[in-house]
Structures are given as structure tokens and as C-alpha cells.
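Just below is one structure, and these are the notes that go with it.
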Amino acid sequence: MSTVAIVDFGSQVTQLIARRVRELGVYSEVFPPSTDFQAMASRGIKIDAFILSGGPNSVQQLHGVPNAVSDVLNLNLQKGVPVLGICYGFQMLAHYFGADVAQSVAREFGRAWLDVIEPSSITEGVWSLGSKVDVWMSHSDSIVGEVPQGFRVVARSADTGAVAFMCNDERKIYGVQFHPEVAHTPGGREMLDNFLKIAGCTRDWTMGSFLHTQIGAIKSATDGGRVVAAISGGVDSSVASVLVHKAIGERLVCVFVDTGLLRKGEAGVVRDLFVGKLNMHVNVLDKSALFMQRLAGVQDPEVKRKIIGETFIEVFEQEAKSLGDIKFLMQGTIYPDVIESGVGESGTKIKSHHNVGGLPEIMNLSLVEPLRHLFKDEVRLLGKELGLPSAILDRHPFPGPGLAVRIMGEVTAERVELLREIDNIYIDMMRDSGLYDHIWQAFAVLVPVRTVGVMGDGRTYGYVCALRAVTSSDGMTADCFPFGETDERKLEFLAFLQKVSRAIVSNLQGVNRVVYDMTSKPPATIEWE
């Protein structure tokens, strides 16, 4: 099986490169800049192609070249392994080979236009010589002057004239200032496909092959030990637990913790799935009082996440002790959780996830995270491979900390119950209207401000709730629904929101105003906290 190694310099979309490569049927892994690829090669580990990611830093700040870059280019010279540098990776290549890289006079962010001045095997069938093409840029530095010796310019920025694409055909080294991995670059997927063809990669990576590999990896990692699985009824933990159960059978103990912060009827959904449909035993722990006690008076979202993460692990450690010889804790952590927590060497932290940055530094259980390198859409594909019902796989994502991060400010029992009912009305009406399956994620947020209203002949002073609905494929970027829909569809959704607003205000005491969140990701995250 071919392998593409992606060197992560801290871009928030690095994992999209891995996802695009996998979509094209080639296995990919993400490595930190400190990786010793020469040592890996000496141990017989074969890498078929390298991709250097973007990142938030500047090559002007470098004191020497990262080990991984030296290794990558030495392996390119010795073994002819193709290399593609993207954005910061492109600047790194230019810097390594002697070009001057400095801050641009005019920085480029978002859509940009390029003039195609030379053909390239990367752009074959994608760009036409002499054409003007649009791409997605996000950079502050550019090559100043000429490209390095041995390289030629394929495309320049139409606005600034800066080099946007250079290549060294003899050594199969390619550098692009733009981001072919994002959906906003037309033809980006085809360019990556051409790069994989140049590398001679075999297209044999599928969810079936991933499943086979992971079963072996789980067996090896657990080494006969028992595993306690943290399940929530959501897509991620459901797929992860079924996968681990397939690998180790009865050595897996499933535990469902009712934090008091879950969706309405969640415990029943979990019992129906795992006990009724999958014939897996589940221990149900009602720890709602403990979580509410720990969260009392806390307003800061990062502190809330840390408390939930620490309490979550504490509960599982206690349960593991009561169960006997438990050595491992399974969690349904996925790639976007890891990325946004900024746990890589070069990543910029956005927020903690209770499955990642919210974990205490010292644990008495070793983690098993079989989905850690999968995106949400890949998790669903794996779930289908495992035979999970669509009723579970098509559920909207729900955050590990639950409703606590959808209540701005302090979490109280009153606020949790109010938000739970608001969310239930919103989602039930969305299902009834046939909208649910067209939306990637929808939820309600309780805003800790009160506004004046009028109901009947009386004055009210109630909370504001915000409704959110987004479209996405992987959770890394998202548009508010119904962006991109027809005008008729937009009007239908507006009418739907009005019905939901009336239902919430009419049926629930404590809320007298409903607003809709129109923000995309970026600049916002999907969840409010």
C-alpha cells in the first residue's frame, strides 16, 4: 500500500490534505517537523510522496531548516521521492534552495487570480496555458526576485506578479503558494491527483482496508487488556465502540455517563442502539448531580471544558476500578477535535476539546482513540462498513461537553432544562419539515441576556436563544444554511424559522426572543464555545 507523508507546519487545514489524499484512494499520515524520515527509511518504511503543509509562521524566523525538511529533500535526491510544498511549505522549499522570501507588499487572503505562464504535469488537464485561474490564498510572505536555480515559474499572481507556482521537473519538486486542498480552489483535487500519479501511488486505501488495519492495531495496542468505552450515542463514540468490540469482543466494557448535559431522551437512544440493536452490554451511570456541582458558578468556556474533561475521566477511572482489571479508556476523538485543540507541534490552539486538551495531564488509564485520524464523513463511511444503522450515522454532531458549551455563562439546572426543551422543539420540527438530512449540524444556544417582550397584555423579561444550522462535509469549514440554496429554498427556510420561533416562545416560559446565527466557519467555529 502506498503512503503519502504530510509534514505538518501548523496549518489549521493540514488534515484536509490528508483527507483529500485518502479520498483519492491513497493512504496518508501527518507527521511533525521533528520526524526523522531518514531513520524511518533505514528501517524499511517506504514513503511514496511528501507534502509540506502550510503554517502560521514565517521562514524569516527560521534558525536552520527543520529536520524533516532536510530529510525529505535528501530522500528526494537519493530516491526520487516527489515533494509538494503548499503555502508555507512552498516558501520553505524556496528558502531551502536559496531564494529570498520576505513579507509581501500586498498580502493575499481568500480568492485570488493567477496567470498561467508555463505548463506543468501537476496542472495537466486542469489549467490551460495563458489562462487566468482562481485559487484560494492565505499568505503574508512571497518569493522576492527569482525562483531557485533549477526551478521554473508555472503561474504568478495576477494582482502582484508574485510567484504562485514553481517546479523542478527533474527532481519532481513542486511548490504552490495557494491551497489546492480546500474546496474553494477549483481543480485542486485534480492537481493532487496528478501529483499522486507522478509519485506512482497505488489506489488501494479504502474504509475496508482501514477497518482491517485498525482491528489489528487495536488488538496489538490493548494486548489482551480490558477496555472501558466512553459512549454517548453520538456518531463518533458509537462507531468507535463497535469497531473496538469487533477487534476485542467481550474485553470491551461500554459505559454511558449521563452528565445531565445531554439531549432529551439520550439515555433511551443509547439503550435501544447498543442493547437492542447491537447486543452489546452497557453500564449506565447517572452522574448529573456531580457534573452540575462541579460546574456551579463557572462562566469561562475553557474552564467549563476542563472541568467536564477532568470529571469525565475521574468517573471512568472509578468505574474501571469497580469493574476490575481495566487498563484502557476508549474515546471517540476525531481529527477536527485534535486540530482545534492545537496539540501538534506547530498548531495554533483555537479551543480545548474535552476528548483532547480537556484531559488531565496524569491518567491512570491509557487512551484508545481508533478514530483520531478520521474526519466526520470518514467516520460515517466506517460506520456503514461496520453495519451501523443510518438512524445513528446520520445524526447531527453533538459536542462531548454537551449542552454546557451551548449555554453561555454559568450552567444551571434551570438553564439546562430550558435549552434541552428548546433544542428538542427545533430538531423535531426540522425532522418533520424534511430539512434534517440536508443540514450537517443544527442546534440551539441559550444566551445569558434577557430582553423585554410582550405576551398577552403583560410585560415579559426572558432569555434570548440563538438557532444555528450549517452545511459542511468534515467540520473544518462550514456555511450557514441555506447559503448556496435557491431563493425559493431560502424563503422556505425563513418561514420554517418563524414557525420554530413561535413554537419556542409559545410553549416555553423563560424565552421571549429567538435569533438565527448567520456566521460561517471561519471566522467563527460551529459551536459557540
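Cβ atoms are placed via backbone N, Cα and C, with glycine included.
Here is what Swiss-Prot records for this protein:
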type	residues	note
DOMAIN	3-204	domain 'Glutamine amidotransferase type-1'
ACT_SITE	Cys87	active site, nucleophile
ACT_SITE	His179	active site
ACT_SITE	Glu181	active site
DOMAIN	205-395	domain 'GMPS ATP-PPase'
BINDING	Ser232, Gly233, Gly234, Val235, Asp236, Ser237, Ser238	ATP binding site
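Structure with Swiss-Prot features highlighted.
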residue : record                   : DSSP class
Cys87   : active site, nucleophile : coil
His179  : active site              : coil
Ser232  : ATP binding site         : coil
Ser237  : ATP binding site         : helix
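Within 10 Å of the C-beta of Asp236 (ATP binding site) we count 24 further C-beta atoms, all protein chains included. Spacing of Ser232 (ATP binding site) relative to the residue listed as 'active site, nucleophile' is 39 Å (Cα to Cα, whole number).
Reported as a whole number, the C-alpha separation between Asp236 (ATP binding site) and Cys87 (active site, nucleophile) equals 32 Å.
All chains included, 22 other C-beta atoms sit within 10 angstroms of the C-beta of Gly233 (ATP binding site). Taking the C-alpha positions, the distance from Ser237 (ATP binding site) to His179 (active site) comes to 32 Å. Checking each of the active-site residues Cys87, His179, Glu181 against Ser238 (ATP binding site) by C-alpha distance, the shortest gap belongs to Glu181. Once Cβ contacts within 10 Å are tallied over all protein chains shown, the binding-site residues Ser232, Ser237, Ser238 are led by Ser238. Closest to His179 (active site) in space, going by CA atoms and restricting to the recorded positions Cys87, Gly233, Val235, is Cys87.
Between the alpha carbons (Cα) of Val235 (ATP binding site) and Glu181 (active site) lies a span of roughly 25 Å.
The record gives Ser232, Gly233, Gly234, Val235, Asp236, Ser237, Ser238 for ATP. Within 8 Å of the mean position of their Cβ atoms, the other Cβ atoms in that chain belong to Ile231, Val239, Ala240, Gly332, Ile392, Arg395, Phe398.
Geometry remark: the residue listed as 'active site, nucleophile' versus Glu181 (active site), CA distance 11 Å.
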